[in-house]
């Protein structure tokens, strides 16, 4: 007996569907969702990119979407309370909160919010992200924002952690020049393509991180239609900035590699401001990636 499953609209049955339209982020703001394989350096990349936008005179908000809530600590120089923790303290009566309860000013005026998440094995992180945006809207904290960056948990592409895609103009994918990172990137591309049918998000390109070479990334890009927007080599200054709990823009520019990295982040920010041409990308099947990547 063959069972035929009825076709369902994108995302049906998950929390990102039928969002209150009032939760949308204002038109005019540049909204970027940063994805990539777990541990690839998304938070470092997001924070340094936020800092770069601020150096270009933009009003920036970074939203960490990971229960670890460590997205913004290089901007704020500390671990800040999460939205979900603050809401629990007031029994989820958001009207009792003040902006300073959940939004924290970081380097060069970058505003920082950590959405947090439910306890392990319970609830949905995507719901928390939606509640965070709703809270920011209620307090009119998005009205004068030029750039919003969502730093998203790992390479999870379930309905919940695809929630930032509902708000984003562009998605940037952080990867390294290795098989596992590119394999994860391919899955993210497939998820974004699915969401792009219903939402305005489009692929902006690839950020190559901790990679001396780009041969495997470029091989994948050529097959799929992706494009490398920035290339950060395995520079020790980036690692040291994390240890110092600061952005790369707070490091001594005379130190080896610092100025080069700063300039690359500023260049990436300028490219995004200049309205990047969205990419038409076709993900590969798993077997195709195995056949494509690696050395002959």
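Any Cβ shown, glycine's included, is placed from N, Cα and C.
Positions annotated as ATP binding site by Swiss-Prot: 39, 40, 41, 42, 43, 44, 68, 209, 210. In the three-state DSSP scheme, residue 39 (ATP binding site) is classed as coil.
There are 22 other Cβ atoms within 10 Å of the Cβ belonging to residue 43 (ATP binding site). Summarising the annotation, Swiss-Prot assigns Mg(2+) binding site to 43.
Sequence annotations record features per position, and here Swiss-Prot assigns [4Fe-4S] cluster binding site to 124, 158 based on sequence analysis.
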Listed binding-site residues (39, 41), ranked by Cβ neighbours within 10 Å, top entry: 41
Which of 68, 210, all binding-site residues, has a Cβ with the fewest other Cβ atoms inside 10 Å: 68
Local backbone state of residue 210 (ATP binding site), from DSSP in three classes: coil
